[in-house]
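Asker: Take this structure first; my questions come after.
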Amino acid sequence: MLVIKYGGSTIRTDGSPDPVIGDIIELHKKGLQPVVVHGGGKAMSSLLEQLGHRSQFLDGYRVTDDVTLKVAAMVLGGDMNKRLVAAFQAAGSAAVGITGVDGGLLTVQKKHHSGGDLGFVGEVEAVNVTLIHALVAAGFIPVIAPLGVDAQGQIYNINADSAAGAIAGALEAEKLYLLTDVPGILHETEAGRELLPGATPALIADLIADGTISGGMIPKVEACLEALRHGAAHVHIIDGNDPHALLHEALDGRGGGTIIRGGELAR
Ligand SMILES: Nc1ncnc2c1ncn2[C@@H]1O[C@H](COP(=O)(O)OP(=O)(O)O)[C@@H](O)[C@H]1O
Ligand SMILES: CC(=O)N[C@@H](CCC(=O)OP(=O)(O)O)C(=O)O
């Protein structure tokens, strides 16, 4: 299976044909079994702002109070999830939208952070992939919103990269693709800010420590490491704004971006 995390910063919400969805359908037709995990952080921030609620982040994780949790359920589990499923439908492919709450997919506990209380932010404790396997076996593309539930039935907001990393690990997916709004991990070189084509966990730790990797890139690389720890063969951060980068990368390794492997430095 291929797990594809589609970031909210690049998801089209204007109804125009979405090349990423076209690519995912193409991969499905070729028998590659894609599983989609989506974000929607940008749409959440904009609705929260309309409600007069300020968004606050700690290392890329949104501090989630009661209001924010409601907005997460509405935007991620509702609007964003159904828009994506409708876009798959319009492009001629059957997708089924679920959240991590459905079928016991994502059991979480409250995530603790050294920088302060994150509120209702979940850290994935257990993944039950039964529902994903059932949907894939029936020919559907699962489209998953990053919400989870704890043992007491409390719903939590999960960073979409973290949810995708945990799901890719549990599925022992051959590949995890994280589609975002930058070409990959960028770093300073003598020639200026450039794409880092390959990285190892050790290099990533150095880049977080020296501040090169910050904000929304932190949950992304943490998700990559989590998926690698659980047996994903490699993970790849690619540009969701580059039309067909996903298809090129999945079919012949020409999509660009940053590959992260557990072993030696890639490429
Ligand atoms: N070293 C880095 N290389 C690339 N992007 C970085 C880096 N450090 C921080 N970022 C930020 O991470 C962002 C991607 O994360 P995020 O905004 O959460 O996107 P998404 O919605 O796709 O998950 C980039 O737009 C950039 O602002
Ligand atoms: C806890 C946490 O940070 N949850 C994220 C969930 C959405 C998300 O991750 O969306 P993107 O992938 O588009 O950034 C949030 O509230 O923004």
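Just so you know, glycine gets a Cβ as well, placed from its N, Cα and C.
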Asker: Which single residue out of ASN128, ASN157 does TrEMBL record at the substrate site shared with GLY40, GLY41, ARG62?
Answerer: ASN157
Asker: Pick from GLY40, GLY41: which of these binding-site residues has the biggest number of other Cβ atoms within 10 Å of its Cβ?
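Answerer: Result of the Cβ crowding comparison: GLY40.
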Asker: In the three-state scheme derived from DSSP, which category covers LYS5 (site 'Transition state stabilizer')?
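Answerer: Where LYS5 (site 'Transition state stabilizer') sits, the three-state DSSP reduction gives strand.
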Asker: For the recorded substrate site, enumerate neighbouring residues of the same chain (Cβ within 8 Å of the Cβ centroid of GLY40, GLY41, ARG62, ASN157, site residues themselves excluded), in sequence order.
Answerer: GLY8, GLY39, MET44, SER45, THR64, ALA72, VAL75, LEU76, PRO146, ASN159, ALA160
Asker: Would you mind reading off the Cα separation of ARG62 (substrate binding site) from LYS220 (site 'Transition state stabilizer'), to the nearest angstrom?
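Answerer: Distance between the two Cα atoms comes out at 14 Å.
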Asker: Give the distance between the Cα atoms of GLY40 (substrate binding site) and LYS5 (site 'Transition state stabilizer'), rounded to the nearest whole Å.
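Answerer: About 11 Å separates the two Cα atoms.
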Asker: With respect to ligand 1, which members of the recorded positions LYS5, GLY40, GLY41, ARG62, ASN157 satisfy a Cβ distance under 6 angstroms to one of its atoms?
Answerer: GLY41
